[in-house]
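Student: Before I ask anything, here is the structure I am working with.
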């Protein structure tokens with residue numbers, strides 16, 4: 001039995017549902033309980049509203065608004081809807097001014113937004129295929145935004161993994177505050193956050209196992225190249241109706257190699273720590289502003305996501321940094337002294353020390369879901385409890401890494417082993433490390449170069465040259481034109497991965 005069997009089971013069940021985004025029909029009486037459960041699974045109009053401690057409410061069905069028009073006046077209601085539709089269309093046109101790229105992509109509706117970007121659904125005119133376009137506005141306005149944008153571009157452009165969202169195209173336009181960058185990716189029907197809270201019942205165990213397995217496989221691919229995502233959460237895990245999960249939103253991704261420390265001060269300032277990882281999924285080293293961040297921050301987030309799927313609630317639903325720290329101390333007790341000694345902020349250190357040593361809570365109680373009744377996933381299961389404990393270690397060095405997680409008895413039991421997967425090209429790590437040593441102007445020049453250089457197919461001479469990006473002086477020239485597409489060359493990527501994996505170094509974090 002292979003891991004693909006889990007996906008086949010999900011696909012066969014999800015095939016009974018309607019379009020998870022546009023379907024708003026009420027459940028039919030003759031529908032089987034399993035089909036009804038799956039229909040609610042992708043229902044974008046959950047009845048339970050916003051979950052306790054959740055910072056993101058499930059989105060409403062497309063076209064539905066918060067405006068409630070009372071009375072029997074359908075004409076007025078239709079008039080309101082026409083006005084609202086017009087405002088939405090104008091906002092979409094304002095947000096996604098694609099200029100020359102409008103000949104290739106036609107935006108149809110806004111579907112999401114985050115701290116540093118907005119996303120719309122669009123149609124590729126040549127193939128009539130639906131895609132998602134992420135806009136990073138003012139990408140060149142500050143060194144931090146420019147560096148983040150370059151990181152995301154450089155992570156995604158050579159990635160080729162079924163559990164990581166693929167980059168189909170990229171282009172840029174001139175915005176009011178510099179360069180606006182647009183990333184074109186496959187459109188996914190939903191995300192894990194909506195799946196968890198889109199139904200009154202908690203997820204069944206085989207769904208949890210399948211989603212957890214795909215998440216770990218995607219992280220194995222990234223962590224092999226020392227790439228830390230740093231913003232894992234259910235809303236950044238996209239899910240198709242066939243059950244395929246893909247990791248998305250690499251705006252916070254960073255090379256976690258210990259040799260890259262030049263911009264530690266920038267990455268660890270108060271402003272940055274408010275945006276690296278959403279609060280309920282933020283690892284202790286981020287909360288405590290410790291000197292180093294490694295791929296271990298992703299493993300902490302895996303524990304939070306796993307727990308959220310089990311209990312249908314956030315494990316640590318903090319509302320502020322201080323509240324999150326207190327909640328963490330209540331659950332896990334006081335950190336080891338060696339961790340406290342590494343805390344830079346005096347106020348944070350005092351808060352930890354003043355909290356005192358209290359007995360940490362039992363995982364049987366933390367991961368208990370009343371709605372599951374006697375069918376608990378964690379309670380009484382020694383392997384599961386041990387797996388969770390190893391994910392929630394204060395000390396990042398003692399926290400379980402991705403390789404050991406895949407070999408853990410719990411994972412081995414619930415997720416059948418797969419054949420060794422293709423390794424992440426070492427070029428991804430190399431390109432990410434180059435970004436860290438550039439000033440603002442060099443970042444802008446490299447951003448233009450990265451987008452424009454992708455107009456032409458990548459040759460082997462460029463791949464194996466000492467500096468494929470060119471010198472800074474070369475990058476600052478020939479910058480006319482606003483639209484620069486990237487073509488996907490899947491066979492070339494496979495050949496490159498095969499060539500590079502022969503001499504690829506290992507990274508133990």
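Placed from the backbone N, Cα and C atoms, the Cβ positions cover glycine too.
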Student: Of the ranges 460-482, 483-505, which one does Swiss-Prot list as region 'Disordered'?
Tutor: 460-482
Student: For the region 'Disordered' entry in Swiss-Prot, name the matching range from 19-72, 73-126.
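Tutor: My reading of Swiss-Prot: the region 'Disordered' range is 19-72.
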Student: Within a 10 Å radius around the Cβ, which one of these recorded positions has the most neighbouring Cβ atoms: 111, 113, 117, 119, 231?
Tutor: 231
Student: Could you say whether, by DSSP, residue 111 (ATP binding site) belongs to a helix, a strand or a coil region?
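Tutor: Assignment for residue 111 (ATP binding site) reads strand.
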Student: For residue 117 (ATP binding site), what is the secondary structure state per DSSP, taken as helix, strand or coil?
Tutor: coil
Student: Given residue 119 (ATP binding site) and residue 231 (active site, proton acceptor), what distance in Å do their CA atoms have, once rounded to a whole number?
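Tutor: If we compare the Cα positions of residue 119 (ATP binding site) and residue 231 (active site, proton acceptor), the gap is 17 Å.
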Student: Which whole-number value in Å describes the distance between the Cα atoms of residue 231 (active site, proton acceptor) and residue 117 (ATP binding site)?
Tutor: 14
Student: Restricting to the domain 'Protein kinase' (105-411), what is the model's mean pLDDT?
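Tutor: That stretch averages a pLDDT of 86.
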